[in-house]
Amino acid sequence: MLHRAAGHHGRPRRRPLHQPVRGPLRRHLRERPRAARGRGGRREQLRLRPRRGDHRRVRAQREPRGAGRPHGRRHRHRALRRAQEVRAASADRPRPRGVPQGLGESAERMSENESATVAPEAPAPAAKPTRRRSTSVNAGAAAKAPADKAAEPQAEAASPAPRTAKTPRKSVKAGGQAAPQQGSGTAKRPGQNSSGNKGGQGQNQGNRQKQNNQRQNASGGKQNNNNNRRQRRPHDNNRGPREVQPSVSRDDLAKLKVAELREKAAELGVDAAGLKKAELVEAVFGASVKAEGFIEVSGILDILADGYGFLRTQGYLPSETDCYVGLSTIRRNGLRKGDMVSGQTRPARENEKYAAIQKVTAINGTPIEECGNRVRFGDLTPVYPDECFHMEHGKNTVTARVIDLVSPIGKGQRGLIVSPPKAGKTTVLKNIAAAITANNPDVHLMCLLVDERPEEVTDMERSIKGEVVSSTFDMPTENHIAVSELVIERAKRLVECGKDVVVLLDSLTRLARAYNLAQPASGRILSGGVDSTALYPPKRFLGAARNIEGGGSLTILASALIDTGSKMDEVIFEEFKGTGNMELKLDRNLADRRIFPAIDPVASGTRKEELLLDPQEAPLIWAVRRILSNTNSTERAMDMLIKSLKQTETNQEFLLRTAKKAQHTKGDAIEI
């Protein structure tokens, strides 16, 4: 029965964790000193689950080492009575400080780790015993002072002791352990007979104190390093951009003699004949700086999707002489895509293909110091065109004179030149450009040719006094898009400066085709194979045309193809049909009959044209249009108009002549 109740091999059964602790183990847990309970305090005292090793410690207290293990309730009562006798016998013996009454010899049998947590006897015997929890900081400070004096020879190489203003819990424990080291030669703890153990314990405590000091010093050194690093960071951020300076300055050259300057000029290949000293200094300085790689450049800024950009020094296309512009330079100077930037480059470093801009001196012709906050194009107020571009500039400019009568062009106009193939749209654009250059020299003229033939590009460059930007049909689609976006951004930057800009695009249909090819498939395809999202960039290009309230305008005249037999071209034209406020339509039948300009006078027109026409000339112009509209044939009307214009010197003379004829005959039967 006894063996069956005790379990296999005579071992007692283990108590399940959910059962409460009873018997001497419960009383032992209740009577443990506060220093032995750990950090839990009252919460640790009321916990019923024993810590690891408590059952072994209780068995060691109630019976001597080597005795047999008790089995059953009778043996447990016998062990309990024996433990009570031991506590009664040890009641008269002096007990350690902090151990409660009744524990007796159990304090002697506690393990070394458990005894280390018991507070040692204070060096002052007259001190009143107090609770350790309420005087933890004071006791630690009091015990730490003599311990530091004893540990000075051992920790000379270490840093000074840590601060005592705010002592952590570990420092209190260390202070309590350092006290027996000071009185190890005189004080003797009850139940400790061996002096060797005492000396070893004091040595261990000294080693622990030394390790704690070294650990705290190491952590303090790290903190100091971190503090120094934090103090250096603002200094690094406040520093300006690092600029590479040339090895020679003007002041150094000015100190040299003329003979020495002439020698340097000969080395650099500068012709110094007939130059004064000041001129010679500038010539030598410029040549030396250029030889070292510091060059003054200017070009149009093209910002890529990653934030950095390149300065296009040869037009709007990439070249080998382009300069790299970093992201920090763009942000620091407030640069935008399309700006005309002037600055100084530094020599290219190792593994660098392009020279880099290190200093910006001017933006769009304005010094960098005077730029300030520039207005954005999207914040400007658009209004209807109220100022007209007069196309007429001679008797033989029939195309320009017809445009003034049929569909006048104003500043900020968004016009479409609707033309079938071989109707002379490129010639019309060329005549418009020549008229604008002749009558409005202050206007910045730009001509963009997308997917055109190379010979037409050459012809346009020779006949137009303005910027001609081209991307021929043998170039990739990405090149068409990049050039067109850079041109429109350049035009926006000029409008922000208050200038009048005219952009001639040939053609809008081919630009939309390029965007349709480059656009990733969205799954929504319109009729003709046009992606629904591919027409947004061309609309954004054409929608940039506007007249700005307060000064500045952007005029865009783009050609659109019709009657090409392609469904895509029809869809593109229908999408852009209602976006413009001016339309000039060309007729293929007139071109086939060799009637140029092949303009349809009835189908062409301008919105809000009363804002552009002279109030005295407007009724006369409308009378001419009524006559042309009453003509049954477009060919007859256009042929009659061209002959009448060739017979007069100016449009004003033509209108007066037509008005005199209208007074003598009926309006319906009048001939121009």
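Numbering starts at 1 and runs along the chain as displayed.
Quick reminder: no glycine exception, Cβ is built from N, Cα and C everywhere.
Model, not experiment: these values are computed from the prediction.
Residues annotated as ATP binding site in TrEMBL: G410, K411, G412, Q413, R414, G415, K422, A423, G424, K425, T426, T427, R453. Classification of R414 (ATP binding site) by DSSP places it within a strand.
Annotated compositional bias 'Basic residues' per TrEMBL: 1-17 (among others), in sequence order.
Residues annotated as compositional bias 'Basic residues' in TrEMBL: 24-40 (among others).
Residues annotated as compositional bias 'Basic residues' in TrEMBL: 48-59 (among others).
Sequence annotations record features per position, and here TrEMBL assigns compositional bias 'Basic residues' to 68-81 (among others).
Positions annotated as compositional bias 'Basic and acidic residues' by TrEMBL: 82-95.
Annotation comment: TrEMBL describes 116-128 (among others) as compositional bias 'Low complexity'.
The compositional bias 'Low complexity' annotation in TrEMBL covers 152-162 (among others).
Taken from TrEMBL, the feature compositional bias 'Low complexity' covers 174-183 (among others).
Residues or ranges marked as compositional bias 'Low complexity' by TrEMBL: 204-217 (among others).
Annotation source TrEMBL lists domain 'Rho RNA-BD' at 294-367.
Marked as region 'Disordered' by TrEMBL: 1-251.
The Cβ of R453 has fewer other Cβ atoms within 10 Å than any other of the binding-site residues R414, R453. Of all the binding-site residues listed here (G410, G412, G424), the one with the fewest other CB atoms within 10 A of its own CB is G424. Under the three-state DSSP scheme, T426 (ATP binding site) falls in the helix class.
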